[in-house]
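A.B. asks: Below you will find the structure I want to go over with you.
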Ligand code: SF4
């Protein structure tokens, strides 16, 4: 802790976990209702994961090709264009492109991919590259991350996803994903992206070896970054998926602990507009319940997903838009289809 105020802030935030789930839910719901009433946002998107061949070995990862997942792949640009074409034909408005740290895919490859995608499909929103990937690709190209971010923007990337944040605490980070972008650089990359007038999201991977203290520390660091650069659209607390990885986790969080964490995120991150209950890691049922605990978004149709599903999530084939709409309505909320920047497209 840097000073007395930060110490007080941290302790007060920690006390939120001592409240019962209904009190916390009510506090979070008041903020949510003030911002968005009974709206629940979703979008029509498509995840494309160009490669799972990775130079890093994060202990929690079931996606990258390793001895528990012997299925290395790297898509060609032609294959990606075909996937994008199909996705757009069935209604995707956003391509969400994230993958592994593959030394064969350099900066030039990515910039070509983005500008070709934009040339072929000018209407699509390109959400691409986590801050961890930006950091990796910058080092590979021997360029600063600032230069890489500027080139990404010039090549048509519209916004950045929030992955790679994991847990900011340096000791936990070192244990679960040593070698990956450090916490300060993750925040600086998003900060610089925001100075280019662009938006991004932020995540936190929880429910593994971290403690409540580490989660609060993570949320407070994000709150401060948002005060400085202001470009985070949504915060996405990702629940750890337990299959096919090397992290030895003995105790998994209960539904109550997950909902408390979502509610606390809403309370601490009042300066980030949206809290997303990402159905791919929560399951659709809990993602809908989370709307009573501060969340206002469940992500989207996804169509195809390789990262969370590699570790046990039931998200490999996405979900139909009609199913999302019916689940949201059934829970007494108003389904609102949005674009990637939260402009409202249609209310159902
Ligand atoms: S989480 Fe990302 S960087 Fe880490 S091993 Fe998996 S693919 Fe590689």
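Using the three backbone atoms N, Cα and C, a Cβ is placed for every residue, glycine included.
So TrEMBL has the following annotated:
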{"type": "DOMAIN", "residues": "40-273", "note": "domain 'Radical SAM core'"}
{"type": "BINDING", "residues": "54, 58, 61", "note": "[4Fe-4S] cluster binding site"}
{"type": "BINDING", "residues": "60, 166", "note": "S-adenosyl-L-methionine binding site"}
A.B. asks: Between 0 and 100, where does the mean pLDDT of the domain 'Radical SAM core' (40-273) sit?
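C.D. replies: So the average pLDDT across the domain 'Radical SAM core' (40-273) works out to 95.
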A.B. asks: What is the separation, in Å, between the Cα atoms of residue 61 ([4Fe-4S] cluster binding site) and residue 166 (S-adenosyl-L-methionine binding site)?
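C.D. replies: Per the Cα atoms, residue 61 ([4Fe-4S] cluster binding site) and residue 166 (S-adenosyl-L-methionine binding site) stand 11 Å apart.
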A.B. asks: Specify all same-chain residues, apart from the site residues 54, 58, 61, whose Cβ lies within 8 angstroms of the center of the Cβ atoms of the [4Fe-4S] cluster site, ordered by sequence.
C.D. replies: 56, 57, 60, 63, 64, 66, 100, 101, 177
A.B. asks: Quick check for the class: what is the C-alpha distance, in angstrom and rounded, between residue 60 (S-adenosyl-L-methionine binding site) and residue 54 ([4Fe-4S] cluster binding site)?
C.D. replies: 14
A.B. asks: Return the members of 60, 61, 166 (the binding-site residues) with CB less than 6 angstroms from at least one atom of ligand 1, or none.
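C.D. replies: So the answer is 61.
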A.B. asks: Measuring Cα to Cα, how many Å separate residue 166 (S-adenosyl-L-methionine binding site) from residue 54 ([4Fe-4S] cluster binding site)?
C.D. replies: 17
A.B. asks: Using other CB atoms within 10 angstroms as the count, which residue among the binding-site residues 54, 58, 61 scores least?
C.D. replies: 54
A.B. asks: Out of these binding-site residues, 60, 166, which one has the fewest other C-beta atoms within 10 Å of its own C-beta?
C.D. replies: 60
